[in-house]
Amino acid sequence: MNITFIFILIFGFFNTQKCSKDYDHFDDEDLALSIPKNAIGVPKEFRQQVLKEMKLRNRPNDILKNRCYCNYDQSICGNNMTCVKQDGAACYHAVEEVYNKAEKRMETLHKWGCATLERGSGASHLTCNSWRAAHHSPKSIGCCYEGNYCNKNLIPPAYVHHHKEKALQEKTDNPEDYDSPLENMTRGGKMFIMVFATVMSVFAVIGCIYLCITRAEEKSKARARAKTVSLKTESTYMESKSMLEDSGSGSGQAALIQRTVRQDLTIIKTIGQGRYGEVRKALYRGSYVAVKTFYTTDEDSWKNERDVYQTNMINHENILQFVAADIWSEEDSMTKMLLITDYHELGSLSDYLCREETLTTDEALRLIHSCICGIEHLHAAVHGTGSFRKPEIAHRDIKSKNIIVKRPNVCCIADLGLALRYQNDKILPEKFNVQVGTKRYMAPELISNKLNPKDFSQFKMADIYSMALVMWEVAIRVEVNTCEEVLTVDETSPDHSASSGIGESVSSSGNISRMHLQKTNVEGHSTSLKAKQHVPPFDGIVHNDPNFDEMNDVICVRRIRPPPDLAWKNVPALNELSKLMEDSWHSIPHFRHSALKLKKEMAELIKNPDRQNQSQRKVEFQQQDSGLVESATNQS
């Protein structure tokens, strides 16, 4: 280590001597002006690059507007004393008072050229404002952006913080003070700088090595912990086996967050088009994914959806699984933002309902139940171990096109670009528009702009209204071709009297024999429900793209809702479902069911779809039994 340190010191000392000998005073003039070295223009490469960029941007007529007058040598300015600036950059005219040692007098040095285009500002502000600072010798610079040799007759501003007469006297009396700064440095000062720089470099290298070793150890420990957890939990093993086979659930963040994901994507085809961009099917490391593309004008929506997907404990069976987010520049030089999720072949719920195949009652109930489970998970605040906590989330754009069918009878909620989070007693993002979403599915309080944005529960109730319309879309695709089971009395039973229903119903032992019931298919009681073609809510009532005034008249003033099918009353499950719809799209938000209430009701309806008939039969049995007992008592 000591030998290496001494070698570095010796090498630095000789390198300093070489720099001192080769120092060029003309370069010092440019550096003192704070003009970047490539501001003057690079002879051929720079001109070719600018011309190439202009051709790519289809603006060949702008070349004349980018030409500046240049008085440097031919290698920089070319044959016609011209340099070409970038779009947005400036042409400059710089002046400096230089002391002529041979003639012992001050001379004004003029320089014309092209300034560089600074990153971030889209102009040449730093170069053009360098005259405002004090310099070792009088300097100034003037800029113009019009091009077309606008700097040729440009007059720079007056010198700042320096008087010409005083500068001339100082240079005449003490010309050695205006030599190169490196020449005025003592040999001891140079050595001190070299030693200090070398020592700091050594410490920096040691620090970097230490950080690399520490991070490697932390990653190794993290992998070991993850491996231990995967051996203990079967769900984690299934998730690692196939990331795209099942969305799974968990308390961590989403699967991948990388800036290099696009390089591993192989785009296959376009599968959809939305208001923010397009959705394409792609292959990512051997698995199919859906790539949602956002344009730069919708960057806020991309950031919000990415942040929602990265929320702790967001993973759920009925929430579309997030894979990664990335920013990429396509071949057309347009920057696009990518959001990558699981790909599901069945597509959206709207596409699924448009198929020729109809739904059974059980299929419809399970599709609706899975959607409500996803919404309930979004609406609920989940507290995990430690600091893990999932905030309440309102979707704000529930519709059949934003619901994906993962597999038969199972849906998941997608498109969280407009979602809001209620975290730490405040709504995120802090700046948002209240009246957003699809107008056809918007709740009355949103259409009439009466929703209180400070009450987060009202956003969740608006989701319930939208979900009720989706429930109606699913229900109209149900087709039932069965005969209803009707309770009748067996008139041939010896224990039954045709006139009163009592007769010889009491045996000699005093026991009451129950009325004989049988299931028969009675003409006029058959249930035949034909499925209707899938249409969006309020189809035929409003236009394809209704405005707020039209929707306000329909759902707020006239209070129109999608009509239920009259045949639903003959199907117990659909009859109960229609009641849930009516409660959920109520005009008053607080009268609607919560997502948790709907989730429980749908689970019970799936478990017991004939509960309405059974409850009616139970009442009939109780009435019949009470009538028999009363008759028997009177006879006795």
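Cβ coordinates are placed from backbone N, Cα and C, and glycine is handled just like the others.
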From Asn184, Asn511, the one Swiss-Prot labels N-linked glycosylation site: Asn184
From the candidates Asn80, Asn613, the one which Swiss-Prot records as N-linked glycosylation site: Asn80
For Asn80 (N-linked glycosylation site), the number of other Cβ atoms found within 10 Å of its own Cβ: 10
